[in-house]
Amino acid sequence: MNATHRGAQADASAPAGGLPPATAAERVQWLRDELDRHNYQYYVLDAPTIPDAEYDALFTELQALEAEHPELLTPDSPTQRVGGAPLSAFDTVRHRVPMLSLNNGFSDEDVTGFDRRCAQGLGRSAAAGGEQDLFSAAEGVEYACELKFDGLAMSLRYEDGRLVQAATRGDGETGEDVTVNVRTIKAIPLKLRGAAPAVLEVRGEVFMYRRDFDKLNARQAEAGDKTFVNPRNAAAGSLRQLDPRITAKRPLSFFAYGLGELQGIERPATHSAMLDGFATMGLPVCNERAVVKGAQGLLDFYRKVGEKRDQLPYDIDGVVYKVNALAEQEQLGFVSRAPRFALAHKFPAQEMTTIVEDIEVQVGRTGAITPVARLQPVFVGGVTVTNATLHNEDEVRRKDVHIGDTVIVRRAGDVIPEVVAVVLERRPDDARAFVMPTACPVCGSHIERLEDEAIARCTGGLICAAQRKQALLHFAQRRAMDIEGLGDKVVEQLVDQGIVRTPADLYKLGVAKLAALDRMADKSAGNLVAAIEASRSTTFNRFIFSLGIRHVGEATAKDLARHFGKLDGLMVADEAALLEVNDVGPVVAQSIVNFFGEPHNVEVIEQLRAAGVHWPESEPVARAPAPLAGKTFVLTGTLPSLSREAAKEMLEAAGAKVAGSVSKKTDYVVAGAEAGSKLDKAEALGVPVLDEAGMLALLESVGAGQPGEQS
């Protein structure tokens, strides 16, 4: 394990001081080249060429020379990976090329369907030729196959070969600037090897090898610090440290797998050639990859990787398939926010058995009531699980989960633990069935479950502590009461400090109380008080919308305001009266009745009126004609020129109800390309089927307008 440069050990031990600048400059450059080479051998090729002590000697000498000759220090020097002063926060970065997520596949059928769609999109005859052609290696689409790493997605921007920016994926459009932290990761080159393009954005994954994770946790435990539950959390937590000196001490690694912006050179012809090019530039690229043809090639790669998944030195949660030719990727394009040319094939989640000690309900920020199984602790999917979601009451009944049961627990998608099934032969005699409560465990309000909905909800939206923050943010938003300055941070403090419990409490706030909040100066507090004061005068439809009644959006709020004219009439309306309102069906009517039937909500509304919240009232108006009232439509597939949302708006504007599933009560199904099972069911039930042109003709025949004309 000797350095390949002749005389390396002798040079490494030579004193640093006393060298003339010209000689120092040459020595500094040689040391940097040597350290970069050894970093590449160690972190990329996993083939170290010198002992750690010799590497440390080279590094120490370079540090000393740069201290003696500060004019020679450059940002891409290996010594600059140690981290600088702590940050107060991360800046936001807008990705020039969005970092899109991938569609997931979980079965062989998902993979063959993906291959079929790619072949069809590329005009391959094999796609239409049936099963035999689909699996033909000669005719099949060529794919690049690689691992799906369980880490943190990252974008590295190099300009003229030098790392200038690193950003997290974020929401795909914008991420966080973590450049100072990423510069401490030795696996990531600060300067690319060889000729480099003017701009190169490399997409990849920051992760932690299992061996490094174990060592880190051992050090954390020895120091009495918090340990991490899995390598992914350790990697994400390490990378998002505001103090880069902490990141520098964490054993983070990186694999490159994608391309963002590129300037100065032509794009490679294939994805596999791109990865080879990354490796040539000194970027770490995983060698567990292959180029295959057709669906069978994809499935073979998936099974081979699955067989050795546990033996890999890092965590993965699946494999990724991408059409290999970049020109074909462009031809296939994107659907929604995911590429058509790629698929993430997830591994089955790991499963274990444990005992249900209790079943409780949790109240979400929108009032959703979710049964949660309290479990005997069990280690599954890399973490210790003590709770698992049961989703809703129907799922509890369908799975027949009792308190005391032995159940199979799975980490769905390796993230959210869920109860998969009950081991009935182990059910004890004293097992107890779950009973859904009728009152909210947080605020005591009535729990409702609307027709055709699986989720039960707390009706105390204006009073419930679990929904408090969300209710206040909704109340204050621009389209509701328009209270500028009442954002997430302010609401969080107001609620957490017990200052505000309901929207009515907002109108009791003064400048002094608000100015005492974190990051709220007197001027900001004054502006917020003025905005709250201005909101006392509003419109009826804005007030209705601000209440956050389930299923009552802006358009429905306008219809209710026009129809009733006065709040008192709306509050006492029964379902029959509400069904007279344009675009209000049984589900919406029931939701409104339940909301105003909850005394807690009425109490808050009266407090708001007492606080001076007011609006012009008017006399009720006659209901506008709805030519398709009473008709139920179902939309399926992709329409040629209309989005599904636009088609839904047009139908609802004409008075129709748009449902999500086909039944005997369905009047029409509007079908586009790739309609699927809904079309099959419609044909089996004899439900009339329209295409887009037929739907538009029907709307025209009844005199219905375009979407938005009735808003």
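Cβ from N, Cα, C; glycine included.
Taken from Swiss-Prot as is:
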ACT_SITE  Lys148  active site, N6-AMP-lysine intermediate
BINDING   Asp52, Ala53, Glu54, Tyr55, Asp56, Ser101, Leu102, Glu146, Arg169, Glu205, Lys322, Lys346  NAD(+) binding site
BINDING   Cys440, Cys443, Cys458, Cys464  Zn(2+) binding site
COMPBIAS  10-21  compositional bias 'Low complexity'
DOMAIN    623-711  domain 'BRCT'
REGION    1-21  region 'Disordered'
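Feature map: Swiss-Prot annotations on the structure.
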residue : record                                  : Cβ neighbours (10 Å)
Glu54   : NAD(+) binding site                     : 19
Asp56   : NAD(+) binding site                     : 12
Leu102  : NAD(+) binding site                     : 17
Lys148  : active site, N6-AMP-lysine intermediate : 20
Arg169  : NAD(+) binding site                     : 20
Lys322  : NAD(+) binding site                     : 23
Cys440  : Zn(2+) binding site                     : 26
Cys443  : Zn(2+) binding site                     : 21
Cys458  : Zn(2+) binding site                     : 28
Cys464  : Zn(2+) binding site                     : 25
Handout entry: Environment of Cys440, Cys443, Cys458, Cys464, the listed Zn(2+) site - residues of the same chain whose CB lies within 8 A of the CB centroid
Key = Val363, Gly367, Pro441, Val442, Gly444, Ser445, Thr459, Gly460, Gly461, Ile463, Ala465, Ala466, Gln467
Handout entry: For Lys148 (active site, N6-AMP-lysine intermediate), the three-state class that DSSP assigns
Key = strand
Fill in the blank from the handout: Here the Cα-Cα span from Arg169 (NAD(+) binding site) to Cys443 (Zn(2+) binding site), rounded to a whole number of angstrom, reaches 38
Completion exercise
Comparing the Cα of Cys464 (Zn(2+) binding site) with the Cα atoms of the binding-site residues Asp56, Leu102, Lys322, the shortest distance belongs to Leu102
Practice task
Grab the pLDDT values for the domain 'BRCT' (623-711) and give me their mean, rounded.
Solution key: 84
Exercise for the section: Write down the Cα-Cα distance for Lys148 (active site, N6-AMP-lysine intermediate) and Leu102 (NAD(+) binding site), rounded and given in Å. Expected result: 11
Problem - Alpha-carbon distance [the residue listed as 'active site, N6-AMP-lysine intermediate'; Glu54 (NAD(+) binding site)] in Å - result: 36
Exercise for the section: Going by DSSP, give the three-state secondary structure for Asp56 (NAD(+) binding site). Expected result: helix
Handout entry: Cys443 (Zn(2+) binding site) and Asp56 (NAD(+) binding site), Cα-Cα, nearest whole angstrom
Key = 62
Problem - Between Lys148 (active site, N6-AMP-lysine intermediate) and Cys458 (Zn(2+) binding site): CA-CA distance (Å) - result: 39
Problem - Whole-number Å value for how far Lys322 (NAD(+) binding site) lies from Cys440 (Zn(2+) binding site) (Cα to Cα) - result: 48
Problem - Rounded distance in angstrom between the Cα atoms of Cys443 (Zn(2+) binding site) and Lys148 (active site, N6-AMP-lysine intermediate) - result: 44
Problem - Secondary structure of Leu102 (NAD(+) binding site) (DSSP, helix/strand/coil) - result: coil
